[in-house]
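Novice: This structure is in structure tokens; I'll ask about it shortly.
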Amino acid sequence: MIHTEPVFRQNYKFVDSRDLAEYVRAETSTNHQSYRLRTLLSGISPGPDKVMSALSGKVQTVLGLVDPGQLGRTMTHEHLTMTFECCYFPPSPADKAVSEAPIEMKNLFWLKQNPYSSPENLLLCQELEAVKEELLFYRRAGGGTIVENTTTGISRDIKTLKRLAKETGVHIVAGAGFYVDVTHSNETRKMTVEKLTDIIVSEVLHGADGTDIKCGVIGEIGTSWPITDSEQKVLKATAHAQAQLGCPVIIHPGRNSAAPAAVVRILQEAGGDIGKTVMSHLDRTIFDNGELLEFAKMGSYLEYDLFGTEILNYPYNLEVDMPSDSQRVRNLAFLVAEGYEDRIVIAHDVHTKNRLTKYGGHGYSHILNNIVPKMLTRGISQSQVDKILIDNPRHWLTFK
Ligand SMILES: [Zn+2]
């Protein structure tokens with residue numbers, strides 16, 4: 001085995017894991033296996049183990065496997081095409097007219113304060129041309145990669161992601177798995193943990209949504225607060241799939257400061273790899289520094305991913321004081337000072353139309369253009385910025 005492995009790798013060039021899986025399957029079914037192949041296959045089971053070794057040390061984008069060194073600056077939590085109708089928040093009667101009006105300049109501030117009360121605003125999927133332009137702008141601003149976290153329930157469109165990656169040159173990593181409970185279908189709710197695991201594994205190894213385009217990360221896996229039964233099953237399936245694949249995971253926690261730790265405990269008990277898991281949305285979830293440090297000790301990546309969002313009355317939890325970008329940067333500086341510079345990742349989580357520059361929003365380049373200079377004036381060094389934008393995402397996204 002030790003001897004045959006390099007021979008195998010030298011002689012056959014596999015574009016991605018599916019090629020390898022298909023190759024092994026095809027070759028094992030022929031009557032005339034070569035001596036080399038017989039040697040290779042004796043004592044090993046062709047299938048998942050070999051496929052996994054093809055993924056190991058690589059990052060899986062919608063265009064195939066890439067070397068982690070190619071990623072460059074990476075936003076670890078964005079959406080390029082999705083729908084968010086699941087989370088529509090009815091406006092007050094006084095706002096009904098404006099909520100139904102087309103998006104125009106004079107409504108932009110209202111929209112910024114009430115993004116979830118305009119049905120039109122929830123259809124990011126209608127803005128592909130604007131998103132493409134933004135991705136080209138992102139590249140010019142020095143961006144390399146975007147993790148596109150749209151999962152089942154909020155209209156993942158993996159074919160479009162592939163097209164956008166081809167047309168813009170931005171590496172795009174797609175997400176496997178399921179969003180929050182309100183988006184689970186009855187069929188999903190009835191599934192066993194084993195069935196859910198199979199689906200997630202297949203989205204990574206073979207492709208999602210009936211295509212051969214593969215996901216490179218599990219998540220964002222959606223959870224509510226309290227965590228529902230169906231979400232608990234999905235979390236267990238996520239951990240099982242991660243244990244099999246050695247892949248990155250990203251979690252959307254419920255809006256309660258106890259939610260991130262509760263999710264981590266479920267993943268841990270089910271065999272998940274917390275060191276390879278991102279906890280998203282900390283900016284709207286944990287507000288107390290002591291609590292933040294307690295959570296940080298659990299070992300996940302810590303994600304501040306609502307850069308650019310300032311909203312006074314956060315409809316999903318009125319208790320939340322959404323931080324400003326200055327306060328977010330202060331949180332990053334605090335975590336850096338506490339020794340967590342290897343665990344921080346950041347993003348904008350664009351998920352509605354008004355976040356795009358076309359509608360007066362911050363777009364995908366706000367962090368590179370505005371937040372990085374601010375970080376540098378707040379005690380975060382250039383090499384720490386590079387860790388947050390390049391090294392940490394690269395380590396997280398690389399398959400074990
Ligand atoms: Zn998201």
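Glycine is treated like the rest: Cβ placed from N, Cα and C.
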Novice: According to TrEMBL, HIS77, HIS79, GLU220 bind divalent metal cation 1; so which of ASP342, ASP349, ASP386 is the extra one listed there?
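Specialist: Of the residues offered, the record points to ASP349.
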Novice: The divalent metal cation 2 site in TrEMBL includes GLU220, HIS252. Which of HIS206, HIS240, HIS281 is also listed there?
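Specialist: Answer, per TrEMBL (divalent metal cation 2 site with GLU220, HIS252), from HIS206, HIS240, HIS281: HIS281.
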Novice: Starting from the Cβ centroid of GLU220, HIS252, HIS281, which together make up the recorded divalent metal cation 2 site, report each further residue of the same chain whose Cβ lies within 8 Å of that point, ordered by sequence.
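Specialist: The answer, listed by sequence position, is HIS77, ASN149, GLY219, ILE221, GLY222, ILE250, ILE251, PRO253, SER280, ASP305, ASP349.
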Novice: Taking HIS77, HIS79, HIS252, HIS281 as the binding-site residues to compare, which has the smallest set of other Cβ atoms within 10 Å?
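Specialist: Selected from the binding-site residues HIS77, HIS79, HIS252, HIS281 on minimum Cβ neighbours within 10 Å: HIS281.
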Novice: Just going by other Cβ atoms within 10 Å, which of the binding-site residues GLU220, ASP349 has the emptiest spot?
Specialist: ASP349
Novice: If you take the centroid of the Cβ atoms of HIS77, HIS79, GLU220, ASP349, the listed divalent metal cation 1 site, which other residues of that chain have their Cβ within 8 Å of it?
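Specialist: Other same-chain residues near the divalent metal cation 1 site: GLU78, VAL147, GLU148, ASN149, THR150, ILE250, HIS252, SER280, ASP305, ALA347, VAL350, HIS351.
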Novice: When DSSP is mapped onto helix/strand/coil, what comes out for HIS77 (divalent metal cation 1 binding site)?
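Specialist: Where HIS77 (divalent metal cation 1 binding site) sits, the three-state DSSP reduction gives strand.
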